[in-house]
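Structure first, then comments.
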Amino acid sequence: MNNQFRNGNDVKSEKNDEKFSSINNSSSNNNSNHTSAATNGETTRQNSIERILQRKQRVYQLPRNQKLAKLAMYSPCQGNQGNCRCTGWKTPEENRHKDVEINYCPNFNEECRNTNCKHGLEMHISHLNNITDEQINELLGAIVDVENLYMSMIREDDDDTKKVYAYLFRLLRQCILTRTQAIIRGPLGDPPFEYPSISKAVTNFVFHKYNHLNQTDFQTMTEVAKTFLHCLNHWNFEAPSVRKDLTHEDASTYKINYTRWLVFCHVPAFCSSLRHFETSLVFGRTLLKAVYQYVSQQLLSKCKTERDRMPPEKRCVLAQLPKFLESLKHEVLNDESVIWDSNFKPTMQMILQRNKRQNEGAMTAALQSNKKLTDAKRHKKESDCEDLSDDLVLRAMKRINDTNYANRAEVVFPVNAPRDEAAKAEESRREIEFHVVGNSLTKPVSKQSMLWLLGLHSVFAHQLPGMPREYISQLVFDPKHKTLALIKEGRPIGGICFRTFATQGFTEIVFCAVTSSEQVKGYGTHLMNHLKDYSTQRGIKHFLTYADEFAIGYFKKQGFSKDIKVARPVYAGYIKEYEGATLMHCELHPSLIYTQFSSVIRKQKEIVKELIAQRQQEVQKAHPGLTCFKEGVRSIPVESIPGLREVGWRPIHRAQRQSRPLEESTDPDKLANALNGVLSAVRLHSSAWPFLKPVNPVEVPDYYDHIKYPMDLKTMGERLKNRYYVSRRLFMADMQRIFTNCRIYNSPDTEYFRCANTLERYYQTRMKEIGLWDK
């Protein structure tokens, strides 16, 4: 295999040595370079990935003929009516030193150097003439990945790692020959491999361990956790042959996880043709426990060496990392730790405490800075928002439940009845039933459940003609999928096939259909409501689904939206994607019972209507007119008018004005002393020189033609001595007149204008310091 590969690519070996040397620092040498991986590995890894991407971009920009020549080296010959065994065009001997990617575009008539082929280049690309540029670029990207894998494989010393590279090399090589997508199948299984994931457990740990901290410290520990997960996602784990400290059983388990990590996490990071998964999202406690001691030691060493080079905002995070790692170590080693419980949820008390701490600082500041506004709003709320008495509500409920209620027909069958009203009535009469059924490979499945699954398969196949029957069978009978079946007269007439990802907190809806003859009866809405209740009871708060153009309307009616509020890393790699379909999301509220939701809302509406009707009967009472004015009374309090309170009028409570330390009602001498202090400070300011005395009309002849009410600091001082300023408002008005006059007479680009602005800011600051400023 290696000889065959090199026959067509010897000309690149020297170039590839340089081009992919960085890959060996990040994708091989797992045996000896882990300290470097902990410190410089991430930079090297990122550099190598960027260089690979740059090379792919150069290949994508080649002329089409050169692209085809590159593809020909990896394409089977079509000569001899497709019976030629040559798997790739070999460069002629005279052109061995030339590179198709740089300076060589071979003639399509040049013969292949393979002695068993001898067909021209054109025979290796005849089947590629009709493919699009996008498909060509996809194949070229896979070729670059194959060459990277080859270079990594021949440089790798560890036998286990080399076998993985060889397997992936053969897989991608075959995918290029057959022009298919690379899919990894086999005994390794499919990600995720363990529940809960490392990411979920670390999140649980932060909430469980640091929930008592204030908001700032809690946010710091959250950043520490993110840093730890980021390092873990980019870590180069040791090869099994290096781990001499493991028992035979642990070594066997670690070898499996190491192989999974290489195949699904490490290699796909630089081979984009393979699907990439984050380590922290697909692995759980088993892998973390096996590598934790070594990883934590290297991270602590990194903290010591790089702390001084980090920016200040990052240093506080690194300072908390040793404490975080030590605390997490106990939870990793503890088999009974709650962070590894797949059903772990923060208690309501934790959530309330967290929300309280998040809002504590902001609310305190708001109350202090806007106390007057808050008081006014509180008075308004107390006066306008009055709770009804329980007796009044009970009378309204008794009234609408009365058999003689005038609007009884509207209550039972309202004009705008919910879509699932008829379906709920049928369910109450036992005419329809709802059952969650699924297949199992480990437990016996009842005959009834299997018959229902077969019936649901027929419903989905008939109502979803665009879906292949084999694909429907694969999902409906998959043990990981379940189906909520709508049973009528003993047979399924509709259902929703779904898969729950408990660790991710969402359910994927795969198929949803109702037999055409039973549609427009509210069954679809009632089905979805039952599924919502089924999910909330199991702690699931999110639905995700891909809807085609005909189903978008239905899902919108069920509360779905195109606005996805779930972070992409939560569902990426889990949910099945469909071309031409739209991803939609529905957020569930754990306190709602969706099958009863419409009834509760309708009952609340009727209670409100009855309360309004009762209030209308009360306010329609006729009160005698006022006669006091005929008797000579000039005015009366508004609240004494009969019937005014009954219609909802309430007196307006004005917020009490807060007293000032130096308000007008206080000692005049104290106020004068405070104002004198402000005036003296303003006079001594460096920007006060234009305003110290009145403007000289000889120097500025037209000044008093424009300024009718002049003012200056000398005049204000004289007025202050003469006790003119009996209130702060008079003082503030004169000071403001100085600045206003200056801006009226002088243009903005003058020194006088700038002095006025500067001095005004200083004056306002001084007034605020002594509590005399309220603007």
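Don't overthink the numbers, they just go from 1 along the chain as shown.
Positions of Cβ are set from backbone N, Cα and C atoms, glycine also.
Taken from TrEMBL, the feature region 'Disordered' covers 1-46.
Residues annotated as compositional bias 'Basic and acidic residues' in TrEMBL: 9-20.
Here TrEMBL flags 21-33 as compositional bias 'Low complexity'.
The compositional bias 'Polar residues' annotation in TrEMBL covers 34-46.
In the predicted model, the domain 'N-acetyltransferase' (443-589) has a mean pLDDT of 90. If you look up TrEMBL, you'll see 443-589 marked as domain 'N-acetyltransferase'.
Annotation comment: TrEMBL describes GLU508 as active site, proton donor/acceptor.
The domain 'Bromo' feature in TrEMBL is assigned to 683-753.
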Which number gives the other C-beta atoms within 10 angstroms of the C-beta of GLU508 (active site, proton donor/acceptor), all protein chains shown included?
-> 20
Under DSSP, the domain 'N-acetyltransferase' (443-589) has how many residues in helix, strand and coil?
-> 52 helix, 40 strand, 55 coil
